[in-house]
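S.K.: Attaching a single structure in structure tokens format; questions to follow.
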Amino acid sequence: MGRGPRSSGTGRRLAACALAMLPALAPGAEGALDPSPCPRSRDAVVVVTDRRELWLCSGGAPAAQFTVALGRSGVGKRRRGDGRTPLGTYPLGDPRPSPQYGTFIPIAYPTPAQAARGFTGAAVGIHGPPRGTEGAGYPVTEVDWTQGCIATGTDGDVDAIAAFVRARRPRLVIR
């Protein structure tokens, strides 16, 4: 008749489920249920274009995240000069000094398959802020302004990405 110490297991399971969901429902937890941006079990640099985030992924786990600016005309690059950031998976070249951006990491765009489909373009890469804006509070990543590149907000950000690329030789995934 009455429920003593042996109450229904269903009630306990529902309570446990509700408690487990509380962190995801808390204010500021909008991304709490988002899956990892990183490909499983491999090193990668991943750009999540709709959030303007660049992730360094070590062995499939997020290692660092940076806010970036993208092409002034959005994503889906198809031809030289369209102002779009390409989508896809690409090899990254050796990071090198750039008089215009501090450090430049070349992206091997277009891939041979993209070139066969008529995609054109060159000199697309990951780079730091334009010279003269670093340290001045210039909002480098507040708007998308590049000609198709991926721009970091600080020299320190692009230097960390360059060190990761030199050490691990990851692929770049832009989605």
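Backbone N, Cα and C define each Cβ position, glycine as well.
Marked as active site, proton donor/acceptor by TrEMBL: His127. Per TrEMBL, active site, nucleophile is recorded for Cys149. Under the heading domain 'L,D-TPase catalytic', TrEMBL lists 43-174. According to TrEMBL, the feature region 'Disordered' maps to 75-95. Annotated signal peptide per TrEMBL: 1-26, in sequence order.
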S.K.: Tally the residues of the region 'Disordered' (75-95) by DSSP class, grouping H, G and I as helix, E and B as strand, and everything else as coil.
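M.R.: Tallying H, G and I as helix, E and B as strand, the rest coil: 0 helix, 7 strand, 14 coil.
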S.K.: Could you tally the C-beta atoms, other than its own, that fall within 10 angstroms of the C-beta of Cys149 (active site, nucleophile)?
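M.R.: Other Cβ atoms found within 10 Å: 22.
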S.K.: Same chain only, sequence gap of 6 or more: which residues have a CB within under 8 Å of the CB of the residue listed as 'active site, proton donor/acceptor'?
M.R.: Ser98, Gln100, Tyr101, Gly102, Thr103, Phe104, Ile105, Cys149, Ile150, Ala151, Thr152, Val158
S.K.: What is the number of residues in the domain 'L,D-TPase catalytic' (43-174) that are helix, strand and coil, as DSSP sees it?
M.R.: 19 helix, 48 strand, 65 coil
S.K.: Quick one: average pLDDT across the domain 'L,D-TPase catalytic' (43-174), no decimals.
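M.R.: A mean pLDDT of 95 is what the predicted model shows over the domain 'L,D-TPase catalytic' (43-174).
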